[in-house]
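According to TrEMBL, the feature domain '3-dehydroquinate synthase N-terminal' maps to B:57-168. Annotation comment: TrEMBL describes B:61-66, B:95-99, B:119-120, B:Lys132, B:Lys141, B:159-162 as NAD(+) binding site. Here TrEMBL flags B:171-310 as domain '3-dehydroquinate synthase C-terminal'. The Zn(2+) binding site annotation in TrEMBL covers B:Glu174, B:His233, B:His250.
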There are 2 protein chains.
Amino acid sequence: MIVNITLPNNTSYDITIDRLTNIYFDTKVVVVTNPTISGFHLEYLKEKLSAKELSIVTIPDGEEYKNMQTIDMILNHCFENRLDRKSLLVAFGGGVIGDMTGFAASIYQRGIDFIQIPTTLLSQVDASVGGKTGINNKYGKNLVGAFHQPKAVLIDPYFLTTLPKREYGAGIAEIVKMAVTFNKEFFEWLEQNDLTNEENIKQAIRKSVETKALVVSQDEKETGIRAALNYGHTFGHVIENETNYKTYLHGEAVGIGMVMANALALKVGLISEQETLRVKNLLEKYEIPTSYKIKDVQDFYEHFFLDKKSLDNKIKFILPKGIGDCVITNEIKKDDVIETLKAFN
Amino acid sequence: MIVNITLPNNTSYDITIDRLTNIYFDTKVVVVTNPTISGFHLEYLKEKLSAKELSIVTIPDGEEYKNMQTIDMILNHCFENRLDRKSLLVAFGGGVIGDMTGFAASIYQRGIDFIQIPTTLLSQVDASVGGKTGINNKYGKNLVGAFHQPKAVLIDPYFLTTLPKREYGAGIAEIVKMAVTFNKEFFEWLEQNDLTNEENIKQAIRKSVETKALVVSQDEKETGIRAALNYGHTFGHVIENETNYKTYLHGEAVGIGMVMANALALKVGLISEQETLRVKNLLEKYEIPTSYKIKDVQDFYEHFFLDKKSLDNKIKFILPKGIGDCVITNEIKKDDVIETLKAFN
């Protein structure tokens, strides 16, 4: 199945959800991957993908390497293989690989094309679509980067067969995010169906990607509605930052972040307690963490201001409005936030 | 006087050639400058420019600092001052400052606005207009960067009063480039008028900026005609690289590069010997270097392939076709290039 995404500037690309078919590129191609994915699936990829000149660059695995040094590794490989402006990068891995490959492509010789072949559930349902690329630094997550859309996204569910259970859960967290913020029916479907079943997960990927495509096509650069996709992320980013990106997978931090956002939404009267429990139960069904001990509430609060969505010293929160709808607001009182955080203290 | 530039995607900005007037920005503003410009002109700028919050970041002066470390300096300053997505960077200096400020703006939180206030003749006539940003690395010049258009370009000829003579000449080299490639009348006017005269230089700046705006508005991303603006640069970049960016100013390397390009154009019958002499004489009138001793011809030739314009192992040359016109070609025979280079051996 194919989901098309058309951007405000009328460029468009296809997201294909299916087994990979044979593709040939009449250019130089560099595949960016990591040792884990490469060990499991590089041979499979090489059977499908061929090019005029194909080379592989393997970068270290993990969020802690999502930095400028690793970008330099990718760029140096490209320079040494004399990639030109018509060359192509292929992101072959999870969200970290996708974000970094996209960013490297956006700045190599002022921008070349790239495609996404996401191998984790999280990157298949969310990260690989939409053109957000970037790296972390000491100030926070994804604070340096670019909007650079891929030329295509190829989602092959076969890669999920080797995905560790925790990473599978992290992907489901982002699926839940899409449902809570935009689609009540989808949420109910998620409550009733087992996402470890292959046919179900394909449906869930399609539904998530369709939701994301619709949002991004309206607001590529996140000046409005796209911010809603950050539900759970405002809190989640602080959690990741406080734990040095080591304790939680991104999707897990988002899981906790959604629970926190729901607590705040409950406090300001946007959601019922019963609805917050339904979200929590759905997350826990897949063993996604839903609790976190905040060490210093004031410190946690200060961290919000490094978020890209914070403008004029106001924090932008994405809060569910019941299930299936949400509000984007920077009018939440500091006291309400602090009190909500204290409940996690 | 104001020159407008409208890009293919219908965004547009003004290039103002005049004394600065008072401007207030209702956002956080960071001015990026270097110790030299700051010493001469920061007080003057501060009289004109004010903002909700204004801070200055001073980066080391010189092409050898046009690298990722300096970009990090700028970004860190922005993070520490909590710039948000509505904040603004101001490039206050020459081409190096402009290229780096623009690149930092393009990747800070996936892109914020910037304006150019160029202080050297070279950046006033060329570098500040058109949205090319970037840094150098060990593989060559401007190989990492982005297309990121400024919101405005403010060209105040007052800054030229403190410009060293060599830098003035380097700027004139880029003016000559515009004339040779696109405008025969302008070239004749340059032969007849003294560019050290203030009124004349203002006219030359206007004419150069108009030419550049016209080219960029047709071809922002350099897929076609914009490449012509690289006349002299294919050779010039190799010269700068071979001399570690230390011996020649960029405009000086371009001056030598134009003489080399002309020699190649003469060899393949695109220009007459007399025309090449007219260009050389015009450059030498302003003491712009026109000769260079190539140590190793084969090595020099190999360096061409790292140029962003080289595709499929073919070097793209921009060669004058008489004076006032040019051709962009990747069909020059290697032998002709080698023989031309040997004349500089």
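Quick reminder: no glycine exception, Cβ is built from N, Cα and C everywhere.
A map of TrEMBL features onto the structure.
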residue  : record              : Cβ within 10 Å
B:Asp61  : NAD(+) binding site : 17
B:Glu64  : NAD(+) binding site : 13
B:Gly95  : NAD(+) binding site : 27
B:Gly98  : NAD(+) binding site : 28
B:Thr120 : NAD(+) binding site : 28
B:Phe159 : NAD(+) binding site : 24
B:Thr162 : NAD(+) binding site : 13
B:Glu174 : Zn(2+) binding site : 27
B:His233 : Zn(2+) binding site : 24
B:His250 : Zn(2+) binding site : 27
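Listed in chain order, the residues near the Zn(2+) site other than B:Glu174, B:His233, B:His250 are B:Leu122, B:Asp126, B:Ala170, B:Ala173, B:Lys177, B:Gly232, B:Gly236, B:Gly251, B:Ala253, B:Val254, B:Gly257, each with its Cβ within 8 Å of the site Cβ centroid. Note on proximity: among B:Glu174, B:His233, B:His250, the binding-site residues of the record, the Cα nearest B:Gly98 (NAD(+) binding site) is that of B:His250. B:Gly95 (NAD(+) binding site) sits 9 Å from B:His250 (Zn(2+) binding site), taking the C-alpha atoms as the reference points.
When the Cα of B:Glu174 (Zn(2+) binding site) is compared against those of the binding-site residues B:Asp61, B:Thr120, B:Phe159, B:Thr162, the shortest separation belongs to B:Thr120. B:Thr120 (NAD(+) binding site) falls within neither a helix nor a strand when secondary structure is assigned with DSSP, and so counts as coil. The two recorded residues, B:Thr162 (NAD(+) binding site) and B:His250 (Zn(2+) binding site), have Cα atoms 19 Å apart. On the 0 to 100 pLDDT scale, the domain '3-dehydroquinate synthase C-terminal' (B:171-310) averages 94 in this prediction. Looking at B:Glu64 (NAD(+) binding site) and B:His250 (Zn(2+) binding site), their Cα atoms lie 12 Å from each other.
Counting in whole angstrom, B:Thr120 (NAD(+) binding site) lies 12 from B:His250 (Zn(2+) binding site) by their C-alpha atoms.
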